[in-house]
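Pulled from TrEMBL:
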type: DNA_BIND; residues: 961-1015; note: DNA-binding region
type: COMPBIAS; residues: 799-808; note: compositional bias 'Acidic residues'
type: COMPBIAS; residues: 816-840; note: compositional bias 'Acidic residues'
type: COMPBIAS; residues: 876-890; note: compositional bias 'Polar residues'
type: COMPBIAS; residues: 894-910; note: compositional bias 'Low complexity'
type: COMPBIAS; residues: 924-933; note: compositional bias 'Low complexity'
type: COMPBIAS; residues: 1004-1015; note: compositional bias 'Basic and acidic residues'
type: COMPBIAS; residues: 1037-1050; note: compositional bias 'Acidic residues'
type: DOMAIN; residues: 961-1015; note: domain 'HMG box'
type: REGION; residues: 795-987; note: region 'Disordered'
type: REGION; residues: 1004-1073; note: region 'Disordered'
type: REPEAT; residues: 9-41; note: repeat 'WD'
type: REPEAT; residues: 131-165; note: repeat 'WD'
Amino acid sequence: MPCERKTMRYGHSEGHTEVCFDDTGKFIVTCGNDGDVRIWENLDDDPKFITVGEKAYSLALKNGKLVTASSNNTVQIHTFPDGDPDGILTRFTTNATHVTFNSSGSRVAAGSSDFMVKVVEMSDSSQQKTLRGHEAPVLSVTFDPKDEFLASSSCDGSVVVWNIEDQVRDQLASAAEDQRRQQRLVSVPVSLAVHLYERGSWDHVSTLSDDLLTQPLNVVVWSPCGRFLAAGSVGGFLNVWDVNSKLCIERQKHEKGFTVCGLAWSPSGSQIAYTDTEGCLGMLDGLGTPPTDAGKPAKDYDALFDDDDDGVMDEGLSDGASPVKKAVAADDEEDDDFLMPATGRVRNRGAFLDDENSMDTGSLKLGQDKFGDDDDDAGSAVLAAAAPLLPPRPVYEGPLPSAPQKAFQPGSTPAHLTHRFMMWNSVGIVRGYNDEQDNAIDVEFHDSAVHHAMHLTNSLGHALADLSQEAVLLACPSTDELASKLQCLHFSSWDTNKEWMVDLPQGEDARALCLGQGWAAVATSSLMLRLFSVGGVQREMFSLPGPVVCMAGHGEQLLIAYHRATGFDGEQVLGVQLLQLSRRKRQIISGEPLPLSRRSHLSWLGFTAEGTPCYVDSDGVVRMLNRSLGNTWTPVCNTRDTCKSKSDHYWVVGVHENPQQLRCIPCKGSRYPPTLPRPAVAILPFKLPLCQTSTEKGQMEEQFWRSVLFHNHHSFLSSSGYEVDEEARSQSQKEQQELLMKMFALSCKLEREFRCVELAELMTHNVVTLAIRYASRSRRLALAQRLSELALEKASQIQEEEEEEEEEEQRHRQQEEEEGEEREEEELREEEEQQETEEAAETKPGHTSFNQTPPRPESIWMSRVFDVQVLGSGKPSASSGQPRVTNILDSMTAGRKSAALGGSAGKSSKNPVLKPLAPRPKTKTQSTLLQLTGSNKTKKSQESAEPQVPPPAPPAENTENQRPKTGFQLWLEENRKSITAEQPDLEEMDVIKEAMGRFRALSAEERLSWTERAKGQPGDAADLKKRKRSETGGGGEGEEAENEKTEEDENNAKKKKPLDTSSKLSAFAFNKN
């Protein structure tokens, strides 16, 4: 079926256009977005035009009457070809979208965006029939050739067949005689194929497809003879099928690849006119002109078609050129619900086979089989089949591969829109404008404190965008002259150069991008993922396992969705990767399948505000990552449950776990919101799809597991080093335990004791005790006994965990003590070396100087006990990598203003003289549920502090016997009783402080004598020299140095004062008996 594709002509401005022929085939008539109807006598001449309104959406021409659907919500009539107005046929509340005549031209059907279809008589426009039942804007209408039925399609992908006289939907035939009553076909484009349904029964009988099609079909039209079917696709393909043989006999491609939106056969059947979304008109000429043999009568299958048509398509076909007669069987793989296309795309044109005498291909048989009787041509017979026009091909009967989903940016609307959202997330909104007046990008922040709004000129044609608290990231596709570019506006930078740009390698286009904390990522068409710092430094890069679908970033996490394989039967096979881009980079999820609903695609991917990955599919199901269950995906909400009609959708912009909120924009009759006016954000609740949620038991189970799932982020944040709201965590635990206790009580009432034990296993030890009490009061002694055994098991588990924690803390403490001893010895050696150096510098050769006071032993002890950690507080200790534990002495004494010395002394666990009161062991007391769960933070701080209490004196003395005691230690041992007797209210560190004050009040000789007594020997020659030097007048300087040292210690201790809550906890730890 060779044909010639003629050069296209510009007809209308950019937008939807339609085309039709007049009754004679002499004129071609088109309409478009400019509001004009143009009349073409041929493509070479300039057309005449008629202005019918601001925009013209559809037109139909019959019997010299031109009917148009314009933007003023009316269907108008004009005379043809003069173009004179002839009145208004009908009105709608919104724009009419499509109009068509019946076969005789006596009726007009019109569909509108207000979900209604009207059938109006041309002779009397007051005789109207309104068909209601669509749940989305109507896109296409077409009459049954016998004027009994009307088919209409709408935006939600559904096709409805109406009985015109009854004004109701036609029911599927239930009786066998009804299924072959009229024998007509209705064609509906579904994805990459055309489905044929039988008139009357509306059973799916056949499918027309082509392996070369890669874009969905969106418009179909029958030839005048009813034998051929033409279809146009989104990608600009034009296909013609022979319905009898189901073979594609003609393929043409739009010269620029634009979407075909209008098709029309000429009355002769030799030409097809088509229009595209750019407003151009084209034509295929020379269709259906095979060699003819006029000597033979047409007695084959083609003779069954309408005798009233022009006959160009079938008058010369002989039995030698007739196609093979094949039986048509229904495809087994097709879904029962044929009204909904698999991909959910809009199917905007359906058509009946509009020939009165054509036969249904479902009744064709091979060889010499006859047709059944027909009202119009009962005597027609089928002759023997001859050689086909084209060689037959084997027919694949299995499921067909699905078209892979294109890459997209989460939170963006389609790129073909002139005004669209390039990004909407929790930080702000990025809008793109690409019209005749402006090509720009507007950036708006939800919080103006982050940054002021920005207006950017989009000279490079950026199509991808992302927004974070630090930067705006943009990317544009490559052209013939320019490479694909990545542009970043780092508005949080402290320097003046806040913008950088990088060119991707030749032949590599940006497909998806995202921003994180300090990094940016871009996935390209060459299956590469490139990482950049937010300042523009190129970082790691790696290959992706498949073509990217979308990406999302949050903090140090990067989430990638990509195609793992080719899907079949409308399914998408996606994989997901989750990477942690911290210092220790690791892959948390590596290529696991991403679950989707049946025949759906991914519509949104991102993170909750707390950092948990989640996504939404086209069926409205929201799924969230469950880290506690092996990184599985749990459905937490279905937005379709709250939609009022099938055409309504929710456009997700953010997810929050605390509070539990799904932030989305309701879209009435569409999938995407308009940019102006700014749409309002709605909040939807979460609900796990558990069984029997209408019952009390099901409701409590759903609340419990939802609370568990939505508070998993606490453990993730704490393990990642982030601060966690302990109050919120304790509150969630309290809610969970209360729900468990309510379910326990309900199970007790229902006498489900085994279920009670199962619920008790989920409880904490303290709540199990409460459950035992409830079971005892309910006189269920067997249950109480079981719960007692369970409580003992939980108590032993808690004890084991506490022992493990104590051992771990003991190891950390020993390590810190060893490191502290090493630092202490090093400082003592440095002090001694410094003193010896000073003595050598001041003493003349051959003489001994007695002017230097020996270092007082109490000063050395004080520096060892009190000063080491105060001095080290300004320096990073060697054990900074270890988790620091809290010492009760620190918080207890440093919380008082007068405890300057005690605050520094409390940090040494080596003091053998300090004997703090050992806290009594914890007693397990029963309490109410609120008391048990409301004080987790206090208990944790107490338990972490108790292992840090210094051990009793004897073990400490054993460790201290390795070195001699100081004079102050010996003096404190003998005078402790007198101090405590005079001031019994003093705490341990206050006693030490009072003793230090009294010890300083002693004379130098007395302090020296105490030091010698502590050493237990008279002293060596060096001590004698130092003593003589102190007696000759150097003692004053030593006292001043010591006083300065003590004052410095007091100041350091005062500066290092903890919070009041810590001091309260410390006081509680020692006085809770």
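Placed from the backbone N, Cα and C atoms, the Cβ positions cover glycine too.
Just so it is clear, the model here is predicted, and its values are computed rather than measured.
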Contacting positions for the repeat 'WD' (9-41) when only residues 6+ beyond its ends and CB under 8 Å are counted: 47-63, 66, 68, 70-71, 78, 80-81, 83, 261-268, 271, 273-283
Residues in the repeat 'WD' (9-41) grouped by DSSP into helix, strand and remaining coil: 0 helix, 15 strand, 18 coil
The compositional bias 'Basic and acidic residues' (1004-1015), counted residue by residue under DSSP: helix, strand, coil: 12 helix, 0 strand, 0 coil
DSSP helix/strand/coil residue counts for the compositional bias 'Acidic residues' (799-808): 10 helix, 0 strand, 0 coil
Mean predicted confidence [pLDDT] for the DNA-binding region (961-1015): 81
